[in-house]
Amino acid sequence: MAVFKSWNLALLSSLFIPALCQSNYPDCTTGPLSELPICDTSLSPLERAKSLVSALTLEEKINNTGHEAAGSSRLGLPAYNWWNEALHGVAEKHGVSFEESGDFSYATSFPAPIVLGAAFNDALIRRVAEIISTEARAFSNSDHAGIDYWTPNVNPFKDPRWGRGQETPGEDPLHCSRYVKEFVGGLQGDDPEKPKVVATCKHLAAYDLEEWGGVSRFEFDAKVSAVDLLEYYLPPFKTCAVDASVGAFMCSYNALNGVPACADRYLLQTVLREHWGWEGPGHWVTGDCGAVERIQTYHHYVESGPEAAAAALNAGVDLDCGTWLPSYLGEAERQGLISNETLDAALTRLYTSLVQLGYFDPAEGQPLRSLGWDDVATSEAEELAKTVAIQGTVLLKNIDWTLPLKANGTLALIGPFINFTTELQSNYAGPAKHIPTMIEAAERLGYNVLTAPGTEVNSTSTDGFDDALAIAAEADALIFFGGIDNTVEEESLDRTRIDWPGNQEELILELAELGRPLTVVQFGGGQVDDSALLASAGVGAIVWAGYPSQAGGAGVFDVLTGKAAPAGRLPITQYPKSYVDEVPMTDMNLQPGTDNPGRTYRWYEDAVLPFGFGLHYTTFNVSWAKKAFGPYDAATLARGKNPSSNIVDTFSLAVTNTGDVASDYVALVFASAPELGAQPAPIKTLVGYSRASLIKPGETRKVDVEVTVAPLTRATEDGRVVLYPGEYTLLVDVNDEYPTAKFEIKGDVQVLEKFPLSGNDSD
């Protein structure tokens, strides 16, 4: 190891200085690289990549296995930073840089994924991703970014305490799967052989803990049953591989059933590449940042750096976000822990993806290479960001028509969020052109505005209460802007409580005693327990806005004033605050059991507000096109290479706006089959959804909801994915007053998939 570090010191010393911007595209015209087949566009991407890898020395190969790949000055291969982020817009992270002012000093900052998830609008997801990838390519063309992006995060948001739940679309695996299909499709484009950018599905697998009870994500061993893997943790990742053909995956920090994810050949090879067929020549796996190192230093799965590097490479990791592969693969090779063939295969996958992206091709003839500053933060993008903020807003309470607000008058804006800007963005964000505060948004609408924060997000001081109560007494209506921000929830920071932090709730309830119309706008990715506010007659309305980002002020006030009608739905369950005392975060089981009351709407019944909840400024009547559908033949539904994607039927609803306000309506369709499959059975399962746009008062709209086989299946502990014949009940929305419908699947039990088990699966 000492010998390896000495001959590689010069490269390593420059390799890991934080990059300010990306290197230029390779010179395939006049430079030394132009003499190599990598620049020959008549060859296949795989052939071109293999030719480059074969031209590299062992030292050069090893020094291109980290995220800050050194390239080869000898060959004219520029350095490349693989670590680029674009969770909800081009983000200021490592491989991405922003100017201090002028061109490329900002990008469109869309609302956080949890807000986009609350919109339940697949077309909206794709359009957002398309704009993000356009801006990403513009940044790349100006040497401010790369052309691969480590997004999306599709770990289902199972535990309300998880600090990174804000990065996900929500808790339901079908919802996450549909999100990722559209988001990856929007980022990469429609041609898998020539992607717009490379997307990266993360974090494989069973990752939803930062630090809890003295256990951190770096050493946590997630004990997960085969049933929960197949029904909950893996479906979004399977969609990434099978349906979306994502370009890259990221393995997670945690171990899965005893094996660190980035050292788990079963997970990365047997499941991902072989069982799911994710074997494209340009498909690659990166470790999460520092995850390869932590195979040794936190999991103690191996004893040395070379062993950790070898374990990752041999498991199927192609790239290290960190230093362990470039630091230790040389010694691993000398010890016989890796083969040159395995190293070459990893690099070939990486460079094949760059060839497919046009990285080595002339700019002429590549429309994407002409994108520039004029294509960033366009008026269309800004309007779309506002649309997402509006469509993802969820109305949780509205008594006596507290909302929409009356025009004009005096508003008292109270709460810690009234003057926030970047705090509205969530994490993994880049600079936005402008983020108006709630105060600014209200003043633009012509209101007379009185302001007093009253308290801070997590403060127990009541020093500001008197000022808040004083302005409230002078106002026509009160709006409290509060909730949680990234000082309470974020990467590396899980919550220990899920009630309102600090004394925000105390202040809200004091305001509620004044007899003025009071609206509470709740920010944050995770939910807080609103029980006291829902029960208070003095709290007229509650609105969840999540992290609405650059258009948050305008979008929120469009909803508050009635310019836009709320129609978003909670993409996660709102649990009572006592829930955190009932189940440890380290318990990965979904089903109820000892010290576990059950997780998500499928298994938990005592929610404060359920998954899918959301009110409107109008009323709707919903009925089924018919009371019974089908029957459907089980064997027919089980046909094909990927039967889980087969369509069962398109179920039609008649949705009538019986109120006075035009409004969108999200039709959520659940199925229940309590007698079928292993017991206990889920309470219900989301099987489809569709968002209808602007249904006018008095209008009846036909809303079609397509249902595939996947959400109807159940898994067994021996790894079978099964479709059971029998009767299924369809439920719409979370309104028990809406009628149900039924359908029947006839025939024999069908095994759709035989999932390979590792031998380490949790019982």
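Backbone N, Cα and C define each Cβ position, glycine as well.
Worth saying up front: this structure is predicted, and the values here are computed from it rather than measured.
Residues annotated as signal peptide in Swiss-Prot: 1-23.
For ASN63 (among others), the entry in Swiss-Prot reads N-linked glycosylation site, with the evidence type sequence analysis. DSSP classifies ASN63 (N-linked glycosylation site) as coil under the three-state reduction.
Its Cβ taken as reference, ASP288 (active site) is surrounded by 24 other Cβ atoms within 10 Å in the chains shown. According to Swiss-Prot, the active site annotation covers ASP288.
Other C-beta atoms found within 10 angstroms of the C-beta of ASN340 (N-linked glycosylation site) number 10, with every protein chain shown included. In the three-state DSSP assignment, the secondary structure recorded for ASN340 (N-linked glycosylation site) is helix. What Swiss-Prot lists as N-linked glycosylation site is ASN340 (among others).
Under the heading N-linked glycosylation site, Swiss-Prot lists ASN408 (among others), citing sequence analysis as support. Other Cβ atoms within 10 Å of the Cβ of ASN408 (N-linked glycosylation site), summed over all protein chains shown, number 11. In the three-state DSSP assignment, the secondary structure recorded for ASN408 (N-linked glycosylation site) is coil.
Residues or ranges marked as N-linked glycosylation site in Swiss-Prot (evidence: sequence analysis): ASN419 (among others). Of all Cβ atoms in the protein chains displayed, 15 besides its own lie within 10 Å of the Cβ of ASN419 (N-linked glycosylation site). The secondary structure of ASN419 (N-linked glycosylation site), as reduced to three states from DSSP, is coil rather than helix or strand.
Look at ASN458 (N-linked glycosylation site): DSSP puts it in coil. The N-linked glycosylation site annotation in Swiss-Prot covers ASN458 (among others) and is backed by sequence analysis.
Residues annotated as N-linked glycosylation site in Swiss-Prot, with sequence analysis given as evidence: ASN621 (among others). Using a 10 Å radius centred on the Cβ of ASN621 (N-linked glycosylation site) and all shown protein chains, the other Cβ atoms total 13.
The feature N-linked glycosylation site is assigned by Swiss-Prot to ASN760 (among others).
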Cβ-based isolation winner (fewest other Cβ atoms within 10 Å) among the glycosylation sites ASN63, ASN458: ASN458
DSSP three-state assignment (helix, strand or coil) for ASP288 (active site): coil
Residue from ASN63, ASN340, ASN408 whose C-alpha is spatially nearest that of ASN458 (N-linked glycosylation site), among the glycosylation sites: ASN408
